[in-house]
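S.K.: Before I ask anything, let me first share the structure, which is written out below as structure tokens.
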Amino acid sequence: KGMLALALTFQWTTEQSGTYLILFSASDALFWFFPIILGYTAGKRFGGNPFTAMVIGGALVHPLILTAFENGQKADALGLDFLGIPVTLLNYSSSVIPIIFSAWLCSILERRLNAWLPSAIKNFFTPLLCLMVITPVTFLLVGPLSTWISELIAAGYLWLYQAVPAFAGAVMGGFWQIFVMFGLHWGLVPLCINNFTVLGYDTMIPLLMPAIMAQVGAALGVFLCERDAQKKVVAGSEALTSLFGITEPAVYGVNLPRKYPFVIACISGALGATIIGYAQTKVYSFGLPSIFTFMQTIPSTGIDFTVWASVIGGVIAIGCAFVGTVMLHFITAKRQPAQGAPQEKTPEVITPPEQGGICSPMTGEIVPLIHVADTTFASGLLGKGIAILPSVGEVRSPVAGRIASLFATLHAIGIESDDGVEILIHVGIDTVKLDGKFFSAHVNVGDKVNTGDRLISFDIPAIREAGFDLTTPVLISNSDDFTDVLPHGTAQISAGEPLLSIIR
């Protein structure tokens with residue numbers, strides 16, 4: 001949409017041309033049919049059948065419903081009813097909150113029906129009954145109520161933004177990546193989409209673009225200063241990826257582990273977003289904040305001050321982050337020799353298994369922690385470590401110690417070693433939703449265990465068939481008590497082999 005807006009501005013095409021219509025359809029399809037796409041993701045998130053939620057989303061944007069809505073705008077139009085109950089028709093295309101509420105209600109009803117219905121018929125009757133109940137409820141109650149609430153939220157955000165736009169820009173530009181780390185950004189994303197639905201434009205996405213560009217600048221600074229050839233390649237490639245709005249690799253793989261590039265990027269993002277907030281720049285099409293956001297800020301009247309403000313804010317963000325990262329690198333590099341040659345001290349390394357290190361609790365394939373799909377694990381918030389994609393459905397004790405915790409759903413277990421290392425083993429991603437199904441525990445909380453003792457068994461084929469990722473993070477929960485936690489560089493590993501070294 002941004003490129004099409006640019007093409008219209010420079011009169012390279014017209015809104016009536018076939019080229020424009022086809023490309024606009026491709027750019028607008030995701031946004032127009034968003035309830036269907038969101039139905040799948042929301043259904044999966046709430047632990048229900050995502051395809052049932054997709055069908056409900058499809059009903060919201062079905063041509064018959066949209067036609068009825070258009071006809072209902074006429075003065076002499078007759079109202080619709082469902083079993084005698086009046087239906088308030090709305091245009092649900094591009095809507096967010098109605099399908100989220102519907103998917104949540106559908107998941108609750110689905111769990112109840114699966115518990116009540118015999119297994120021989122529930123695969124057919126559960127989706128049928130969910131559609132027959134939730135679809136009318138959506139049109140009669142959830143849709144009108146949630147849409148009204150979404151309009152209030154959009155109006156409230158717009159009022160706050162107009163009251164202190166520069167301050168709003170500083171907050172969003174500075175804290176956006178922190179929101180992402182803690183998963184708080186998902187509560188703000190619907191506001192952007194609601195703004196498009198209610199207002200026809202959005203003021204939040206322009207404020208997020210400097211936060212993205214700042215991470216690019218910081219990663220480029222690391223690329224320039226890094227001496228290790230492999231790390232230099234990683235920093236360069238992930239900076240390029242971040243240009244297109246995918247910042248997780250740069251944040252978790254480059255900037256955040258080094259701390260100061262991430263902090264500098266947050267400050268730089270706040271500076272750039274302050275300028276954009278002051279100019280009250282808007283975007284007129286939905287898309288990830290990225291280098292293409294500049295084109296999305298072009299209004300129908302052509303390039304104006306707000307567009308140039310977005311360019312200036314983005315350049316300031318990427319420039320300040322780059323310069324700040326490079327300068328701080330050289331400042332810290334100069335200070336270290338000035339401190340004098342310190343006495344050589346060899347850190348105490350606990351190498352498994354002879355000195356009480358961490359052995360692998362599983363047989364499988366090593367996966368770097370930053371590649372785990374759940375950002376809670378990938379960010380290191382729960383501790384440093386590694387992940388394993390298991391090929392054998394067993395968890396064995398990686399140390400000698402005691403069982404500190406065992407989740408009721410049996411998908412995760414905590415072990416405290418005899419020398420004070422706290423280990424969390426979390427089998428799979430989101431497997432808590434299985435509620436213990438396909439898992440068996442062989443120990444209890446407080447039990448003493450030796451290295452190699454069997455702790456948990458699980459059914460790999462059944463869990464995969466249920467649609468869950470079996471990537472298993474193995475984390476040192478008290479990583480802050482140690483100098484570092486270093487994984488061993490092997491692609492394949494067997495249970496009992498060295499996995500992690502603890503540097504005290």
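Keep in mind that glycine also has a Cβ here, set from the backbone N, Cα and C atoms.
So TrEMBL lists the following for this protein:
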- 1-344: domain 'PTS EIIC type-1' (DOMAIN)
- 374-478: domain 'PTS EIIA type-1' (DOMAIN)
- 20-39: transmembrane segment (TRANSMEM)
- 51-69: transmembrane segment (TRANSMEM)
- 89-109: transmembrane segment (TRANSMEM)
- 121-142: transmembrane segment (TRANSMEM)
- 148-171: transmembrane segment (TRANSMEM)
- 207-225: transmembrane segment (TRANSMEM)
- 260-279: transmembrane segment (TRANSMEM)
- 305-331: transmembrane segment (TRANSMEM)
S.K.: Where, among 20-39, 89-109, 121-142, 260-279, 305-331, do we find the most CB pairs under 8 A to the transmembrane segment (51-69)?
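M.R.: The listed stretch sharing the most Cβ pairs with the transmembrane segment (51-69) is 89-109.
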S.K.: Averaging the per-residue pLDDT over the domain 'PTS EIIC type-1' (1-344), what integer do you get?
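M.R.: In the predicted model, the domain 'PTS EIIC type-1' (1-344) has a mean pLDDT of 81.
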S.K.: Using a Cβ cut-off of under 8 Å, list the residues of the same chain at least 6 residues beyond the transmembrane segment (305-331) that approach it.
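M.R.: Result: 173, 206, 209-211, 213-218, 220-222, 224-225, 260-261, 264-265, 267-269, 271-276, 278-282, 291, 293-294, 297-299.
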S.K.: When you scan the chain for residues with a C-beta under 8 Å from the transmembrane segment (89-109), skipping those not six or more beyond its ends, what do you find?
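M.R.: Same-chain residues near the transmembrane segment (89-109) but 6 or more away: 31-35, 38-39, 42-43, 45-49, 52-53, 56-57, 60-61, 65-66, 68-69, 72, 80, 129-130, 133-134, 137-139, 142-144, 146-147, 149-150, 190, 193-194, 196-197.
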S.K.: Summarise the domain 'PTS EIIA type-1' (374-478) as counts of helix, strand and coil residues per DSSP.
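M.R.: Counting residues per DSSP class in the domain 'PTS EIIA type-1' (374-478), I get 14 helix, 44 strand, 47 coil.
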